[in-house]
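Q: Here it is: the structure, laid out below.
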């Protein structure tokens with residue numbers, strides 16, 4: 001499971017950073033009328049594509065998360081009505097938010113080309129997850145390596161002194177009691 005999490009996180013961060021910093025120039029190549037739009041509208045379109053792509057990445061990744069160690073993530077999909085319902089409702093709400101709730105969600109209407117770009121970005125998570133399943137998993141869990149690198153501190157030196165005193169019967173009071181009993 002850690003393989004998929006790591007690869008998906010790296011992929012999504014890269015995609016979202018590229019869209020955020022190079023989005024306007026990339027979108028101007030896809031949309032012919034994009035170059036003629038006002039700067040504020042361009043920024044809203046870019047932010048909507050980023051939001052839409054991120055949500056669609058999560059939706060596509062839900063399939064990967066269903067069966068993290070199996071290569072066929074679609075096996076038994078049609079029999080899981082709860083999962084199908086959740087994915088369907090999520091997609092429906094995303095379309096409604098982007099296309100119809102612009103003022104509420106701070107989004108703008110996207111063209112079919114930009115929807116295809118967002119869907120393609122989300123779709124890439126499937127082959128990435130499939131490829132990640134071929135990365136071998138070491139027999140020793142990573143947590144063991146972290147325990148070796150960062151050992152836990154047992155306790156402070158002061159509490160160790162108190163612990164030693166208690167273990168040896170420590171304390172002057174106990175020594176006095178022993179001396180009194182021998183007399």
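Using N, Cα and C of the backbone, Cβ positions are placed for all residues, glycine too.
Taken from TrEMBL, the feature signal peptide covers 1-25. The domain 'Cation-transporting P-type ATPase C-terminal' annotation in TrEMBL covers 1-135. The transmembrane segment annotation in TrEMBL covers 81-102, 114-135. Feature annotation from TrEMBL assigns region 'Disordered' to 152-183. The compositional bias 'Basic and acidic residues' feature in TrEMBL is assigned to 157-183.
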Q: Per DSSP, how many helix, strand and coil residues does the domain 'Cation-transporting P-type ATPase C-terminal' (1-135) have?
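A: Tallied per class, the domain 'Cation-transporting P-type ATPase C-terminal' (1-135) gives 100 helix, 0 strand, 35 coil.
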Q: Mind checking which residues reach the transmembrane segment (81-102)? Cβ under 8 Å, same chain, six or more beyond either end.
A: 48, 51-52, 55-56, 59, 62-63, 66, 108-110
